Amino acid sequence: MDIAIQHPWFKRTLGPFYPSRLFDQFFGEGLFEYDLLPFLSSTISPYYRQSLFRSVLDSGVSEVRSDRDKFVIFLDVKHFSPEDLTVKVQEDFVEIHGKHNERQDDHGYISREFHRRYRLPSNVDQTALSCSLSADGMLTFSGPKIPSGMDAGHSERAIPVSREEKPSSAPSS
């Protein structure tokens, strides 16, 4: 039995009509149009594995910025209130923990919990750290950087979460 071997670029041109990727065979090669249209890919082939792109967007997305003057973490926590969040600094790490007990929604009961841990740069002034929650559910953790050679004051302490009434100015990813 003869099997025709096709060049990969030929299969890619037929991508939306003939998905050639099974079980992440081409992992790391980027996203194509049919990766962003999950309803189309599931109707074409029952063996085609859906992209993980959607699950990444549904999880709490965070962004870390560190420039010359300050260190900032943006974290989407829209399902949590300030009372559900705990922000703590231990040594060179900031730990953000969110948990709310079981609540009833349209489909039954739901509970959520997450734990994030970020390494702080060594030159962040830990005595001037702040944390706020915007009206649209974006948690902003920030701290100024100090000139090198000065003591950053490493200790364990809790950072209170304040609520802001305006939406976040963080870029949407």
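Please read every residue number as a count from 1 along the shown chain.
In case you wondered, yes, glycine gets a Cβ from its N, Cα and C as well.
Now, the feature entries from Swiss-Prot:
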- H100, E102: Zn(2+) 1 binding site (BINDING)
- H107: Zn(2+) 2 binding site (BINDING)
- H154: Zn(2+) 3 binding site (BINDING)
- 52-162: domain 'sHSP' (DOMAIN)
- S45: phosphoserine (MOD_RES)
- K70: N6-acetyllysine (MOD_RES)
- K99: N6-acetyllysine (MOD_RES)
- S122: phosphoserine (MOD_RES)
- 1-63: region 'Required for complex formation with BFSP1 and BFSP2' (REGION)
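Residues in the domain 'sHSP' (52-162) partition by DSSP class (helix H, G, I; strand E, B; coil) as 12 helix, 61 strand, 38 coil. In terms of C-alpha distance, the listed recorded positions K70, H107, S122 place H107 closest to H100 (Zn(2+) 1 binding site). Mean pLDDT for the region 'Required for complex formation with BFSP1 and BFSP2' (1-63) in this predicted model: 53. Cβ neighbours within 10 Å of E102 (Zn(2+) 1 binding site), excluding its own Cβ and spanning all shown chains: 9. Distance from the CA of the residue listed as 'Zn(2+) 2 binding site' to the CA of K99 (N6-acetyllysine) is 20 Å. Here K70 (N6-acetyllysine) is compared against the recorded positions E102, H107, S122, and the shortest C-alpha distance is to S122.
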